[in-house]
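Trainee: Here you go, one structure.
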Amino acid sequence: MSERANNNLLYLNDVNVSFDGFKALRGLSLVIAEGEMRAIIGPNGAGKTTMMDVITGKTKPDTGDVYFGGDIDLTRRDEADIASLGIGRKFQKPTVFESHTVWDNLQLALSGKRSVFAALFHNTDAREQARIDEILETTRLGHLRNRLAGGLSHGQKQWLEIGMLLAQDPKLLLVDEPVAGMTDEETVQTATLLRRIAETRSVVVVEHDMTFVRDLGVKVTVLHEGSVLAEGSLDHVSADQKVIDVYLGR
Amino acid sequence: MSHFFLRALDRQASLAILALLVLAAVVPALNLLTPPGSALHLSTFTVSLFGKYLTYALLAVALNLVWGYCGILSLGHGAFFALGGYAMGMYLMRQIGSRGVYGNPLLPDFMVFLNWKTLPWFWHGFDHFWFAAIMVLLVPGLLAFVFGWFAFRSRVTGVYLSIITQALTYALLLSFFRNDMGFGGNNGLTDFKDILGFDIQSDATRSVLFAASAVALALGVLVTSAIIRSKYGKILIAVRDAESRTRFLGYRPERVKLFAFVVSACMAGVAGALYVPQVGIINPGEFAPANSIEIVIWTAVGGRATLIGPIVGALLVNAGKSFFTGWLPELWLFVLGGLFVAVTLFLPRGIIGTLAHGWSGLRQRRASSSAETGTDAEPRLPPDMPAGSKYEPAAAE
């Protein structure tokens, strides 16, 4: 209990989730500090996506504690609540609103009131305009602002989604395989972008691409069969015999 | 608030509203101010027929708000229309007073016939027009609220939602057929005499009802446009395209849908209330599931998710229906079914959507067949992109 109040943004303790007998998470424990950036790696089926589902309220854990910001019990909240608390999520497959323009996508993501009536009588003000322009600048999508999101390339959609996360202004950002399907150049740019984002908030990145994880240069957690196998710097975990067995032994 | 409606008046909405207001003035004038023999004269029958079409058009506009912009395929919108119609019918029944066949000043004829001694509690108040007018909005709105609250909260979507909306209207059909429900059973409510003190059969009243229908439709267009052009409208479309994504942005899709569903039900109720005095009867047949499916066809033919498509669709299909049922009645259902198949295959955007976006249906078919044969040249637009936008490969930076 004392550990979770101790300057930790996210605290998972002994979380178990099973689907029809399949144990997706078994006793997963993880602590993310305020302002920390963490990379999570692991083979397929290690429970990376299930972990994100638990944090964002999509899946309720069978047992275990999930606390945010010290004392907010995330297992009692739903997706919309958790998003409003300040946890943003980027999916593996980029999901943007395809029949809206890039600008509209960012406006919808922008933090603010989420009620129906507030949205009905909402007027775009200069502050909002400036904030969206700033995000367009950061994500290099400025020249595409009036383009429909459905017409963007794969890499541009990934950036738009990261931009939407920035617009949400979350305290914690969960990013699922941000560079899947990107060119090498785009991968490098994305690493730079994520490092910049991590200057002001906590970020958890799930990724398969080892070069990318090395580019990020942060603490790494290795998941295997629903629990933590190793934790530390990339060099440290890649020297770990258990990790080598899991990755190379099969 | 003023922003909310000013924003609604883009070119298309303004033109549609203006056209409807002109219609509301010109059609009654052609009926009332020209002599019956004149070439410009419109018969009262025609005025009422088109008045009825306008109420159908409002019903299609209502469905379009939930189906076109939010992806909720309601197959039970006829229920909200019929409930609005019944509320108006109850008012008109109370206006008959002692002029009924049995001459009972308080009880409508069918109650006297059933040997009822007192007016059921839910008929009280309907002798006042204002009360009936509130009920026209309140009853469909409340039903939509309760139904939508449970359905959307339980995350019932897609075809399952369509099926339960169909079940809803069917359940109401069966209950309104029963005599002891107190709504006239099989025969429904009819034999109306006057509305707000004016003879319901007179040319002038018919003209005013036409004008009221045109104005109500114009209001429906205004409200839809205002909703769609607000930030809420963008959320509505986002929920249609990627519902779970909106949840992770902090929105509550169930509330977003519920609001549109209730507004849409109220619009349908108003349409029903204007329909009943123009056709002179409301009976449980209006709850028939087939009616609700027809509304979907009007909207699809005209073009869903377009502002005026549903109006065009409702007018064209119903004019076709009047023509065919007079000429070859046994053919009409085949024509209707064929129309739906043809629109789905060749005009997936409907008439207005196709006019706005080019002949996309045929173009896509040609594109896919040339892709199969390998004769296609450059990359093509994704189907959801409007013509005119250019496809560019990822910009190298």
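Using N, Cα and C of the backbone, Cβ positions are placed for all residues, glycine too.
Straight from TrEMBL, here's the annotation block:
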- B:366-397: region 'Disordered' (REGION)
- B:53-86: transmembrane segment (TRANSMEM)
- B:129-152: transmembrane segment (TRANSMEM)
- B:159-177: transmembrane segment (TRANSMEM)
- B:208-228: transmembrane segment (TRANSMEM)
- B:256-275: transmembrane segment (TRANSMEM)
- B:295-319: transmembrane segment (TRANSMEM)
- B:331-352: transmembrane segment (TRANSMEM)
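Are these features on the surface or tucked inside, and what touches them?
Mentor: Within the same chain, residues 72-79, 82-83, 86, 147, 151, 183, 185-186, 188, 284-285, 287-289, 292 sit at least 6 positions outside the transmembrane segment (B:159-177) and bring their C-beta atoms closer than 8 Å to a C-beta of that stretch.
Long-range neighbours of the transmembrane segment (B:256-275) within the same chain, counting only residues 6 or more positions beyond its ends whose Cβ lies under 8 Å from a Cβ of the stretch, are 51-52, 54-56, 58-59, 61-63, 65-66, 69-70, 72, 74, 77, 80-88, 132-133, 136-137, 139-141, 143-145, 147-149, 152, 209, 212-213, 216, 220, 223, 227, 232, 235-236, 239, 246, 282, 286.
If you look at the transmembrane segment (B:295-319), the same-chain residues 6 or more away from its ends with a CB under 8 A from one of its CBs are 12-13, 16, 52-53, 56-57, 59-61, 63-64, 67-69, 73, 75, 77-78, 217, 221, 224-225, 228, 336, 339-340, 343-344, 347, 349-354, 356.
Beyond the transmembrane segment (B:331-352), the same-chain residues lying 6 or more positions past its ends with a Cβ under 8 Å from any Cβ of the stretch are 294, 297, 299-304, 306, 308-309, 312-313, 316-317, 320-321, 324-325, 360-362.
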